[in-house]
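S.K.: Per TrEMBL, the features are:
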- G136, E137, S138, G139, A140, G141, K142, T143: ATP binding site (BINDING)
- 862-1017: domain 'MyTH4' (DOMAIN)
- 1022-1321: domain 'FERM' (DOMAIN)
- 1319-1384: domain 'SH3' (DOMAIN)
- 1417-1563: domain 'MyTH4' (DOMAIN)
- 1565-1868: domain 'FERM' (DOMAIN)
- 1790-1819: domain 'PID' (DOMAIN)
- 557-579: region 'Actin-binding' (REGION)
- 1847-1865: transmembrane segment (TRANSMEM)
Amino acid sequence: NTYLYLLTVYWKVPSYLSNTYLYYIINKKKEDGFRPMHPTSVNGVDDMIRLGDLNEAGLLRNLLVRHKDGIIYTYTGSILVAVNPYQLLPLYTTEQVHLYTDRRLGELPPHVFAIADSCFFNMRRNKKDQCCVISGESGAGKTESTKLMLQFLAAVSGQHSWIEQQILEANPILEAFGNAKTIRNDNSSRFGKYIDINFTKGGAIEGAKIEHYLLEKSRVCRQAPEERNYHIFYCMLMGMPAEQKKILSLGNASEYNYLTMGNCTSCDGRDDIKEYAHFRSAMKILMFSENDSWEINKLLAAMLHLGNVHFEGQSSRLTSQAMDGKDAFVKAIYGRLFVWVVGKINKAVFKPPPEDTKYVRQSIGLLDIFGFENFNKNSFEQLCINFANEQLQQFFVKHVFKLEQDEYARENIVWKHIEYNDNQRTLDVLANKSLNILALIDEESNFPKGTDTTMINKMNQVHGKGDVYVPPKNNHDTQFGIQHFAGVVHYDSKGFLEKNRDALSTDLIQLVEKSSNKMLKQAFQNELSSNGEIASQQTVDAKKRAPTLSGQFRQSLDALMKTLTACQPYFIRCIKPNDFKKPMLFDRDLCMRQLRYSGMMETIRIRKAGYPIRYTFDEFLERYRVLLKSSLCDPKVVRRNDFHDTMLELERMKELNEKALLIQRVLRGYKYRRQFLRQRSSALVIQKNWRGYKGRKLYRLGFARLQAKVRARQLQHHYQQKRVAAVRLQAQTRGYLARKEWQRKRRAVILLQTNTRGMLARKQVKKMKRDASTQSESITAQEMVDDIFGFLPNMVGGQEGQAPAGFKDLEKQGERTRPEEVDLDDLPMVEDIPEEDYDDLDEYSFSKFASMYFQGAATPTHVRQRLRQPLLYHEDEGDVEGEEVSKPPTVQTISEEDEILVGEGPTLDRPMTALEKLHSIVGYAIVRRDLRDEIYCQICKQLQENGNRSSFYRGWILLSICLGIFPPTERFIKFLQSFIRFGPMGYAPYCAKRLRRTVANGVRGEPPSWLELEATKSKKPIAVSVTLMDSRTISLPVDSSSTSKEICQLLSEKVSLKDTFGFSLYVAIYEKVWSLGSGREHVMDAISQCEQEVKRKGGQEQHAPWRLYYRKEIFTPWHDCKEDSVSTDLIYRQIIRGLRFGEYKCDKDDDIVQLSAKHFYVQYGSDCSLDNAKTVVQDCINSSLLEAKTQDKWLQMVSTAHAQKAAGVKAEVVDYARQKWPLFFSRFFEAAKLSGPALPKNKFIVAINWTGITFLDEKERRLLQLSYPEVTGVNTMREGKKFGQSVSLLTLKGDFSLNAVMAGNIAELVHMFLGGLRERSQYAVALQEVNQDDPTFLSFKKGELIVLIKDDELTVGRGWIKGKNERTGKTGAVPTDAVLVLSLMFCASVCLSRQPIKDVNRQVISKNVAPERLWVKSREPIKQPLLKKLAGNSELILDLCVPILKYMGDYPTKQIQTPLELTDQIFGPATKDEALRDEIYCQIMKQMTSNNNRFSLEQGWQLLWLCCGLFPPSQSLLKHTQRFLESRRREPLAPDCLQRLQGSLRIEPRKLPPHQVEIDAIQQNSTQIFHKVHFPNDMEEVNTSTRIRDLCQTISTKLQLVSSDGFSIFVKTPDKVLSLNDSDYFFDSLRQITDWSKKAKSVKEGGGPMNMSYLVFFMRKLWFNVSPGRDLEADLIFHYPQELPKYLRGYHRCTKEDMVNIGALLFRVKFNNDKSQFVLIPKMLKDLVPNDMLKAMSTTDWQKVKSINKFMTSEEASLAFLKVVCRWPTFGCAFFEVKQTSDPNFPDIVRIAISKQGVSIIHPKTKDVLATHPFNRIANWCSGSTYFHITVGNLVKGNKILCETSLVKTFITVFYVVYLLFLFITET
């Protein structure tokens, strides 16, 4: 073989001669006993296990043949042998990556990608960490293999993430700082590294961590001949800009001692300038700041300058020590700088694992460590390096030989033991045994006087007799040898101890501490300490010294070996083919030596005969069960070798594909059969019905035809006979009829003319009469009204005569104010109706009502006869409420003048006066509601077409009086309003106003008074006077409908009274006084009662001496005198008057004296004159008391007490009266007990005041007294006709049912007091026991007192209050349904109510509590999941349950959380974990079951609505969820929830929680979500399940675009414009973008959560196959607006002619045909011309442009612009201005254009295309932060482009979409 190689390669002998010579040699050797070569060795094999010649020559021959053919990779089982080709081969393209992805080992030719794919595949399949040990000599290609492994793993991850690129870019930085040119390798790693790459569960790279080992620091100061220092120095000097080098005073590499010791400053094949650019790009990618880079450069420059420092001195020893100290300092700086750089890289690429203990991180480790070294002079570094290689060799031996053969022996497998080269003895001598070499070096290093000589003496003494250690030749020789697995290596012991100590002097550390360089201090952070610590460090025991370099290295190696042992290992053996680094040169001896010491021969044997791949029986059966032909499996087949593994995997994939096809075939067959059967069944039904229908139709059609034929013949015969007779008869008849018709028409015309002429004449006469008597008629009408009201006296009184008893003083002192005109319609009404809408009332004529509702033949017009029956239908009179009355007479006809009001006809047993007739009609209307419409209808009927003026006016007066007393029913009110419109002058508006007032305030209870009749006569308001308790009298206008509430409110406004509650209107006559309250009581009813009282006593009712007073009737329990001084003053005056007239009496004289003294102070202040005192005594002391004691005595007592008074006495008097006489400040109601606890009497008076409710008999004796805490509730009920309305009082002493006329007023007043007390209450009693572990909640026992605390976050409306347990003193949240809020306000009340609290326990809350039901609402978070399948996830379920309770308001929260935060907590986990979805459905429905809190229920429906749109429940829960929704269809959101649920079943679930827009919409009860989409500016309805493509299609359809292809949705945030993925949900995409933007902004600004504004755009993204004119709408709306900015920014290269033409077109687009704008062309050039061509033409030249495109419209000009631009190669490109640092030949700022041609780099100024990279040449890309990285060409030596732009997200989106589309087109 050697001869053949020399003949063909070196001596260039022709192949036929070389083959002849080879044949001769073979035959010659056969004769000498040699056998022929095996056929497998002729052309070589992929896997050396398959070699027939299993010997060293066969192995070498196989590698040689493959190396000659350019095949550098060969398998040895699963071990890859890689021969360094020293040239770039086409093996590392993107196609190769795709080819080897997801393929089994051995399926394709050997490749490093196959090993990487096996690591990745086994990691995911076996869930076990993997590692790959790459070993070999220096220069064998270990570093390149490591980088290729990394490239493949990043590519197969498929995420194009920034973290992947960061991991890849760590290599250029580490190589710059840790690699150097040596005599054997141009890029030799002078340190070891282990890269641990972390993967997610889905196989994506999520981080990495780099461990480094033993950097060769001595290289910084010393290099061997033909070797260089570390790359970073040369790259920095060559690539750094001149200005920066000037700042650092740097020059060329030849100027520095540290760089010229090896007499080599350059490296062939290495471009230091380009490498420095890559290094700078990598620094940016790995988040090194500009300041970091500059500080690193400063330190590197400082090292170079230190290298040039020389020392001079008298002693050469001192000079040498100084030089050594300087070098030690530089080495220390570089070493620690390297450590800092590695730490910075790890900080960027390493992601700490989450705290979740269940999280399992998978990883693949790559070990790239220094190879075995044997130089002419080997030092301490080589010993450590070779020791590490010994460890790795032992790891290889252990896994490949020891463990495997031990397992075969343990399992009794027949096996012939294979001998192998075990280096364990070498490891024992180096590190394992006691007094090993490394231990001796450490020991000697710790001795202060230890030297290299003493060290080698000890090694000779201990190991000199062994065969591993080779001692020096003599005592003066400093070299010793070690028998390594790769051969003997001799080490020079000089400097061993110094290097091992690796210590810095204290002086240098102090020097660093004083340095101002922050980077230097960071690098020495571990060494820096205080002076005291440094001093103490010198005195510590020697055993506690800092660890030696070898000790640290051994610890690192031990940790590395543990890591490797825990992983499943793969091995790559790198072979160096020659020492000259030349391609196609194969040194057989060198390669044979490497194969021999690597144990490759033994490896092949054991892999060929053994079973390296092992499974447990269960694992094997589980994985390969699909290959079984039966149900039984023999465990003996479990062991396999590599070939078996590959074949089994291939067979397994084949079988799985076949089974998958079988399953698909069966399922599809089942699906389509089922569909076919359903369709066939449907078709049969359709056919059956259609055939039946068609048969019936044909039958009916045929039978009908037969009948028609027969009948036609019969009819034809009869017709012919009759036709002849008919023609004759017609002729005679038509003549007769024509003559008769003419005569009839003539008579009709004559009659019509006669009547028409008569009608016109009568109308003319009437008009003449009306015009002549207009003035006399108005006078006559007024006289007529006066005549009608002739029974009234000339003056109607009221409020005349003597004042009632006790009010005479007010009459004497009062000064009546002038009446004020007040529009009563402006007063507040209890119920108001709008004024008549006359357009609407036209449809409600009285005639129409009569036709609809009148009985019999009754007409709507006036008649003179009496009615024989009612006009309207009436039901049984028993329906009349109240007392039975006799049947009323019908309203008399008003055809005669004296029939109504002054009629003479007998209607009862005796003649009735006018007033009696009026009272009779009104009285029946008041009592019987069903007669009101009858009365109004009879009046309207008699007014309709009534020609008798007297009767007409009498009717309208009667109607106006009735309208003020009672309203019509709803049925008739519109018709009555319509009728009133046509009343006589003055009456129409008057009656309409009275009707509105009566409808608003209700029916009166008494007939009209004399005052009302007088007011009706004049049609003016009634003036009444109301007297206040401070003697003021106010006159107010009232009408028939005025209520006490209106009068009280008007009075309070006039006197500026704020605290109006409890002030009531009182009416008094003679000795009677009663309250009208401040409600719906009619004032005129009270006046009418007063007139009747006068009449009963024989007086004249028109002069009744009634009075109206405004007084305080009742206090609220929470009354505060400080709130309203006016109220306090009025009450004070009332009390003083009451004292004087004996209304309020004191038990003691001293109380009267104190009150009088306070009044004295109020009236006169500090003036205590006798006259004033007499006045006070007369004002305050009752006459009976003055008789009991003399006036002087009272004067003395009051004067003495007066000196003790102070300010604020009015409030004191009021509070005293309130406390002293609560019964006098009560509201009284008559009532009868229907049921309840026994009382002495069943009829009594109910007195309600601020202290409680009191039952009194007729003598005002207390029958029962109830405080408000004893009253638990009140409600009203209707008991039927007999009893009327009743009120029910629920008390602790029993429930009372009371019948009362004013039952509603009782219930309203008690309810108001109870509600007000509970709102202001500070106390509650527990209804049930609550025990909570959460300190947020309050724990309490049943019956305990809870003190309530005001809290804005916890409100009753949400079902929570804050309270304090009086027993324990603890505070917390209390559910409102667990306590009873007491009607108490003060602590004193609480003390008095302790006993009633026990009654509460006994009578109110002693009901049996139902057992807890898990399916109904609860306020406490559940401790365990509702579903069994989630049992054990208590913490997770609690995290779901609490946010649901908080959102629904069923759980208090200390910190306010937004609805978005809560929905994120609820739905976020479920969008990622499908198992949680059913649990969320169940918990929401649980909280909505038996939920009586309306707020909570509404919030629950919102959650369920959101949930139904996010994801559906499982099939097992689906029917129950549907039933839940169907059973609650009355809820507004239930149908929408059901619809959304059905929709979510048809689509895939959402990926993210709801967006803020969705939450805002549902919180506003809107189930339609509209989102504004700009360009065009429009609103689009967006559903929860709307995808981006659906939205694009909807917009395209609405805009009538030809196609939506190429369009997309863009989202613009404050700093970015992002394109959305078509397949994503719209709201998921919005949520992802806004969340990312908010997070980035929050981190940047250091704030909390914030709102993020954004805009949504619809634009074209892809410009493939865009042809202007094909889609005019798209051209005008999108293409033109999107291309115009690119043109104006100067992105395109255009000629001057194109610029002029386009400028004219743009002018036409802007101004159309407006010629007046031509003069503005020079001023608006920036809108017409690209920015870089503004000065291309002068102003004069631009004026000539106006003649171009003269006849174009604006749309045509837009289209013409597009047609011009589309011819340019940059049309449709997406342009980005970026900053690049990758290529020094390009400018810093370039323009990148992305189109279907690829990625083009354009010069921004010249617009020249600098480079174009088609997509098929782009190997990888990724983005992160503001950077975008592209790798073009080969993965090893490909071009790298690093771009920096703020629009990186848009850049990567456009790039990715265009790239995928390119791949699709290419494949198609």
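Quick reminder: no glycine exception, Cβ is built from N, Cα and C everywhere.
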S.K.: Take the mean position of the Cβ atoms of G136, E137, S138, G139, A140, G141, K142, T143, the recorded ATP site. Which other residues of that chain put their Cβ within 8 Å of it?
M.R.: N84, N185, G371, C574, K576
S.K.: Ten-angstrom check, please: count other Cβ atoms within 10 Å of the Cβ of K142 (ATP binding site), all chains counted.
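M.R.: I get 28 for this one.
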S.K.: Would you pick out, from the binding-site residues G136, G141, the residue whose Cβ has the largest number of other Cβ atoms within 10 Å?
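M.R.: Selected residue: G141.
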S.K.: Would you kindly list the residues that approach the region 'Actin-binding' (557-579) from elsewhere in its chain, counting only those six or more residues past its ends and only Cβ-Cβ distances under 8 Å?
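M.R.: Residues 63, 67, 76, 78-86, 112, 115, 118-119, 122, 126, 128-142, 145, 184, 194, 196, 211, 213, 365, 367, 371, 387-388, 391, 395-396, 399-400, 585-587, 590-591, 594-595, 598, 600.
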S.K.: Helix, strand, coil: count each for the residues of the domain 'PID' (1790-1819), based on DSSP.
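M.R.: Split into helix, strand and coil, the domain 'PID' (1790-1819) gives 3 helix, 18 strand, 9 coil.
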S.K.: On the DSSP side of things, how many residues of the region 'Actin-binding' (557-579) fall into helix, strand and coil, could you say?
M.R.: 9 helix, 8 strand, 6 coil
S.K.: Mind checking how the domain 'SH3' (1319-1384) divides into helix, strand and coil residues in DSSP?
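M.R.: Looking at the domain 'SH3' (1319-1384) with DSSP, the answer is 8 helix, 26 strand, 32 coil.
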S.K.: When you measure from the Cβ of G139 (ATP binding site), which residues in the chain that are at least 6 apart have a Cβ under 8 Å away?
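M.R.: Sequence-distant Cβ neighbours: N84, T182, R184, N185, S188, G371, K576, D579, K581.
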S.K.: If you count Cβ atoms within 10 Å of the Cβ of T143 (ATP binding site), leaving out that atom itself, what do you get?
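M.R.: Taking every protein chain into account, the count is 23.
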S.K.: Note down the number of other Cβ atoms within 10 Å of the Cβ of S138 (ATP binding site), including every protein chain shown.
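M.R.: Neighbour count, Cβ to Cβ under the 10 Å cut-off: 21.
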S.K.: If you average pLDDT over the domain 'FERM' (1022-1321), what do you get?
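M.R.: It averages 86.
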S.K.: Can you name the residues of this chain that are 6 or more positions from A140 (ATP binding site) yet have a C-beta less than 8 Å from its C-beta?
M.R.: A82, N84, G371, C574, I575, K576, Q594
S.K.: My understanding is the cutoff is Cβ-Cβ under 8 Å with a sequence separation of 6 or more in the same chain; which residues meet that for E137 (ATP binding site)?
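M.R.: Once residues fewer than 6 apart are set aside, E137 (ATP binding site) is near R184, G371, F372, E373, A486, C574, K576, Q594.
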